[in-house]
Amino acid sequence: MPKNSSTTVSSAVEAHAGGLASGPGGARSGERDRIVVQGAREHNLKDVDVSFPRDAMVVFTGLSGSGKSSLAFDTIFAEGQRRYVESLSSYARMFLGRVDKPDVDFIEGLSPAVSIDQKSTNRNPRSTVGTITEIYDYMRLLWARVGVPHCPQCGEPVSRQTPQQIVDQLEELPERTRFQVLAPVVRGRKGEFVDLFRDLSTQGFAVVDGETVQLSDPPVLKKQVKHTIAVVVDRLAMKEGIRQRLTDSVETALKLADGLVVAEFVDVEPVAEKGKKNTAEFGGRDAEGNPRYRSFSEKLSCPNGHEQTVDEIEPRSFSFNNPFGACPECTGIGSRLQVDPDLVVANDELSLREGAVVPWSLGKSTSDYWLRVLGGLGKEMGFSLDTPWKDLTEAERDAVLHGKDFKVEVTFRNRFGRERRYTTGFEGVIPYVMRKHGETESDGARERYESFMREIPCPACHGARLNPTVLNVLVGGLSIADATRLPMREAMEFFSGLRLTDRERQIADQVLKEILARLAFLLDVGLEYLNLERPAGTLSGGEAQRIRLATQIGSGLVGVLYVLDEPSIGLHQRDNRRLIETLLRLRDLGNTLIVVEHDEDTIAEADWIVDIGPRAGEYGGEVVHSGSLADLKANTRSVTGDYLSGRRSIAVPERRRVPEKGRVLTVRGAQENNLKDVSVQVPLGVLTAVTGVSGSGKSTLINEILYKVLANRLNGAKLVPGRHRSVEGLEHLDKVVHVDQSPIGRTPRSNPATYTGVFDAIRKLFAETPEAKVRGYQQGRFSFNIKGGRCEACAGDGTLKIEMNFLPDVYVPCEVCHGARYNRETLEVTYKGKNIAEVLDMPIEEAADFFSAYTRISRYLDTLVDVGLGYVRLGQPATTLSGGEAQRVKLAAELQKRSNGRTIYVLDEPTTGLHFDDIRKLLHVLQSLVDKGNTVLTIEHNLDVIKSADHVIDLGPEGGSGGGTIVATGTPEEVARAAESHTGRFLAELLA
């Protein structure tokens, strides 16, 4: 997989920077219209020489693990990036990521390079589809310039207030009300404001960040801190006869503060919110709810006199990353963590003494303390600590969860056996968890407390992220939050159909053009079902990649080398055509595209095809074909050519399994996201494919509803399923297994051997060798995670990090163990001539042959080979595995577990990253699971898998609001006859 996880732009010079070796005799090809690679040896590449045309769409294909990504990303793109970085100053390089020099003799014809891979854009909860495409930035500008503010209280459009109207409102204050007339010249801006203080030096007093100061002796402000400065224009007490003075003061303040004036009621003492100090705006109320400040605007205010004044609308007002626009409750996140009682009390059969309250049962000292406190509460309320939680009264359970406002008497014996008593308040377990979560500085403790919480929409903004004032600024009748919730196609219709006045049209014309152009690109890559408020962290790898692709098209760059990693992942066949047209448009602008791809349609449209093989891993790394599609089909050495020409194929099953009558799962009334009260039956004991165009509701139905219900009921999980009425038929199942594409580990110490458990058996075998027995070595000696057998110089990592100050950190092999991870004594123990480090470095297929005599080991390894991972090294770090590889490692691990035929396996696009031949192997594994009586339920777009299924559930007919219904169910042949099914149309062609 590519090393660079984000869209990276790098310039690469035509000449060979860094003194790369030339070809034989120093000759150069001199071909300006081609990219030439000579002597590529990265990873499993075997001294590869290849050339292909520029300004063309070039597809790199081949079996999974054959070396496609090693050539495309780790060699060609990496060299382009390295040349660009080396052209920068050492100071600039300090801020860039580490760039490895690929193992290649030379590359010629490189252009500035852009890598667009499948890694998610980022996990920042503040990033959305709108922000990463920059559409939201243009929307903020549009709403700020032509939006019509409305009063949050009455909904009326706000209007401007005259000085006379402001004075009239102030005169309604009670007699003898003392207040100051302030001119807010600075509101929540960073700076020292030295010049401003100099200009105001004769104005008397000012309120600076809540403190009254003399302007003749102003404070020194911190430049990087936001400040609020208001000139004190007048101090008044409301009484008869001050109208003229009040009018003069208001007019003076309005002039000083550009149309703003604030009345500060000096007798109101605001109640400070714990831990917060807000100096960015005028706020605060006393215990009775009376405001300390009241703002007035000469520009915008409510016609009905509601005291909440709308400030001047600016683009920053619509940013949920800015305190002026963000919802004050959730600070712009749109959600908040809340303790869930169901997670706090995991088992209501237990009593308090038995640990029903999980947060108070973590460790003996914690448990003993809270049992004493709960004992005091029990005495006060009359319940026993031995009563099961479910048998406590509602009031008693509520007291334990939420606390009581009275004191409880706690009795305990000290270490001398003497009885002691004291009284204490009882805050309850939910306030306790919330308090500890807010106070802790430990990441581990924070994660522990968050395990008792669920994320819920913010109750103040209902997930809109913005404050009420901003949410009442409307364009075309919609707030900016409402507009971000529209699916892309509806958003396109909304913005293109906006009715604006001539003046508004003149202001908004250019902004609307930018918004519509970006929306059009997103539609072109098949993302019409997404909306702009969708968090970036929830996007699949394919969706994130296509968003970046759309952004690049919008940039209009020419002469660029784009390197893409399977852009068709997650796309239905219907949407694939539009994606290919988008790629061709990018090429026609004058760019070169290298597309790592298995999709047959994309390969067919390529200008040039490079097939890497002939097999995977150690048996690949060669260029099997470089040229046209016709020549590839004729190449009998190419496995890809065999499938494209029809010499090999994945056959339609001779017979399909017939579901046993009555043995079904039934989901009723599914209504989450775009599902429209869907009810569907999932037959058990068969292979079922869930299909439909992107955004039709497949993942919502299976992952968000069905799987979570099954996990809760069968596995004892505490997940929150999507909205539905019921799920029936669970009595037919004992276990659910969810095999997704999340990593098998987040450190290099995790690998296929450790995840599947085969490493335990291998270590045990090494411990049983004669040499190990003589030395007294136990199984733990062969672990690189604990002291004893590992190399202590690198703590079992095999590498050492060298800090280079202004240069990136360099990772070098450990000088003691030379990357083997183990010490010399451990490596002296061998089995069949191989030590433990050499075994971990074997491809899994080779290791399976090596350990063939030991069934316990070979059974694990054969399963990994069966799922198409024979090329992966046994000890390959988890961080280097792709999502598809990680998913297949998990599948192999599950295949090792004994099954009674009552297990349902839920998979989400298991064919991701797989070649035709690998899909054939995967299907064999899935069919073998079903042959044992289990159920396999897979979300899938791949037609070879769909045609091999026993049962198909097709959702649609479209994505987003146009989907969410069941279009067809039945065998692939029955779905192929469904007129409304897009999947059926493609199946019909395949089954004909």
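Cβ coordinates are placed from backbone N, Cα and C, and glycine is handled just like the others.
Under the heading region 'Disordered', Swiss-Prot lists 1-30.
The compositional bias 'Polar residues' feature in Swiss-Prot is assigned to 1-11.
Per Swiss-Prot, the feature ATP binding site maps to 62-69, 692-699. Secondary structure at Ser66 (ATP binding site), taken from DSSP and collapsed to helix, strand or coil, is coil. All protein chains shown were included, and the count of other CB atoms within 10 Å of the CB of Ser66 (ATP binding site) stands at 29.
On the 0 to 100 pLDDT scale, the zinc finger (302-330) averages 81 in the predicted structure. According to Swiss-Prot, the feature zinc finger maps to 302-330 (among others), an assignment based on sequence analysis.
For 360-639, the entry in Swiss-Prot reads domain 'ABC transporter 1', with the evidence type sequence analysis.
As annotated by Swiss-Prot, domain 'ABC transporter 2' applies to 659-988, with the evidence given as sequence analysis.
Taken from Swiss-Prot, the feature zinc finger covers 791-817 (among others).
The C-beta environment of Lys68 (ATP binding site), restricted to residues of the same chain at least 6 apart in sequence and closer than 8 Å, consists of Phe60, Thr61, Gly62, Val596, Ile612. The secondary structure of Gly692 (ATP binding site), as reduced to three states from DSSP, is extended strand.
Taking a C-beta cut-off of under 8 Å and a sequence gap of six or more, Ser696 (ATP binding site) has these contacts in its own chain: Tyr529, Leu955, Gly956, Pro957, Glu958, Gly959, Gly963, Gly964.
Sequence-distant neighbours of Lys698 (ATP binding site) (same chain, 6+ apart, CB under 8 A from its CB) are Val690, Thr691, Gly692, Ile939, Leu955. Sequence-distant neighbours of Ser64 (ATP binding site) (same chain, 6+ residues apart, CB-CB distance under 8 A): Ala616, Gly868, Tyr871, Gly884, Glu885, Gly913, Leu914, His915, Asp918.
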